[in-house]
Structure formats: C-alpha cells, structure tokens
Amino acid sequence: MAEHDFETISSETLHTGAIFALRRDQVRMPGGGIVTREVVEHFGAVAIVAMDDNGNIPMVYQYRHTYGRRLWELPAGLLDVAGEPPHLTAARELREEVGLQASTWQVLVDLDTAPGFSDESVRVYLATGLREVGRPEAHHEEADMTMGWYPIAEAARRVLRGEIVNSIAIAGVLAVHAVTTGFAQPRPLDTEWIDRPTAFAARRAER
C-alpha cells in the first residue's frame with residue numbers, strides 16, 4: 001500500500017516576526033478530509049558540546065524570559081546569518097558565548113524540538129581541541145550570562161536530577177555521555193541535515 005501524500009491545499013501567513021513566523025495550512029488527510037494545521041516556522045539553530053582534554057564541558061546559565069528564570073544550557077545560536085554554514089555559526093557562537101575555539105568538529109546529534117507545531121530543528125556539534133580566545137562584549141540577556149565547567153558524567157546526573165531542563169542541552173549532554181562511554185560515535189561534519197529549516201529564512205530574504 002502506497003504511503004499517503006499529505007498535500008497542502010492552501011497556506012496563510014498569520015504572523016511574521018524577528019525570529020519566527022506562524023502560518024495556517026489546509027492539509028489533505030487519508031480518506032480525503034481537509035484539516036487545519038498551524039505551523040511555527042523557525043530559522044533553526046546550532047548548539048555545541050565543547051569537550052576539553054579532561055572530559056569537561058562548558059555550560060551557560062542564561063535568563064529565559066519565557067520561563068522567567070535562568071536555565072543551564074549549551075552554547076547555542078540561531079541560523080540567522082544568510083549564507084553562513086551551520087558549523088561556522090557554531091564556531092562563532094562558541095567564541096561569543098564562552099570564548100573558546102575548537103580545532104575539531106563533528107556532528108553529535110540532530111533534534112526536531114517540537115514537531116507537532118514547529119519546523120525548528122537543531123544540530124548539536126561535538127567540538128574538541130579547545131583553546132581560549134576571549135569572549136567579545138555581550139549584549140541583552142547574554143550580558144548577564146555566566147558559565148560553568150562540568151564533567152560529562154556530572155552533567156548527565158544533573159539532567160536526571162532535573163537541574164538541566166533545556167531540551168537541546170539534555171540531548172547534547174546525554175549524546176556526549178554515550179560517545180565517551182563507548183556506546184556510540186559522532187558523525188562527520190558534512191553529514192546531511194535532513195530537517196534543517198528553510199522556509200523562514202527564505203521568507204525573511206524576500207522582505
């Protein structure tokens with residue numbers, strides 16, 4: 001039996017903002033019915049697990065207005081610079097947020113953060129061969145941001161204690177724990193990113 005083609009019959013833009021857009025699609029379901037699906041379009045993002053020679057990783061403590069509190073997270077950033085390859089975005093964010101540069105980059109894990117309503121996808125990189133390069137002047141929430149170094153095993157325990165709740169950080173921490181314990185291997189830097197978002201970046205480029 002052939003798979004059903006979920007055809008989009010029509011699409012309406014409800015909102016276009018600085019970092020996301022909201023659209024309403026009419027989609028044909030199996031059996032012929034038409035249903036409404038609302039989709040948040042997103043730039044997509046990258047995050048970095050930067051591991052030093054002793055198996056420690058830096059995490060940032062950043063205020064998130066959505067929750068009204070600070071969360072422990074990985075260095076990360078949006079893919080909001082047109083034409084910038086994702087791994088170079090990751091390298092820039094690593095330098096800007098924690099003042100580090102890495103000589104080796106690999107793909108650790110990709111995650112679709114909210115597939116029920118958003119096309120946001122995040123690629124988490126493993127960065128090694130670290131050296132300090134200094135952090136540039138920060139602005140907005142990042143000016144308040146602090147950093148801490150954690151052994152990978154301790155970071156994994158903090159996930160399971162509920163002290164790290166950011167989903168991207170959880171995925172990255174548990175993935176690097178799997179790598180360092182021999183359970184899995186990271187992937188090459190040029191690994192295809194199947195779900196990398198493109199709709200919102202294209203929409204912004206047209207403005």
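A Cβ is built for glycine as well, from the same backbone N, Cα and C atoms used for every other residue.
The active site, proton acceptor annotation in Swiss-Prot covers Glu142. Glu142 (active site, proton acceptor) falls within a helical segment according to DSSP. Same-chain residues at least 6 positions away in sequence with a Cβ under 8 Å from that of Glu142 (active site, proton acceptor) are, in sequence order, Gln62, Glu96, Glu97.
Residues or ranges marked as substrate binding site by Swiss-Prot: Arg37, Glu38, Arg64, Leu78, Ala114, Pro115, Gly116, Glu120. Cβ contacts within 10 Å of Ala114 (substrate binding site), excluding its own Cβ and spanning all protein chains shown: 13. According to DSSP, Ala114 (substrate binding site) is assigned to coil rather than to any helix or strand.
As annotated by Swiss-Prot, Mg(2+) 1 binding site applies to Ala76, Glu97, with the evidence given as experimental evidence. According to its DSSP assignment, Glu97 (Mg(2+) 1 binding site) is helical.
The Mg(2+) 3 binding site feature in Swiss-Prot is assigned to Glu93, Glu97, Glu142; the stated evidence is experimental evidence.
Look at Swiss-Prot and you will find Glu93 tagged as Mg(2+) 2 binding site, backed by experimental evidence. Counting only same-chain residues six or more apart in sequence, the Cβ atoms lying under 8 angstroms from the Cβ of Glu93 (Mg(2+) 3 binding site) belong to Val46, Ile48, Pro75, Ala76, Gly77.
The feature domain 'Nudix hydrolase' is assigned by Swiss-Prot to 41-172.
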Would you count the other CB atoms within 10 A of the CB of Glu120 (substrate binding site), including those on all shown protein chains?
22
Averaged over the domain 'Nudix hydrolase' (41-172), what pLDDT does the prediction give?
95
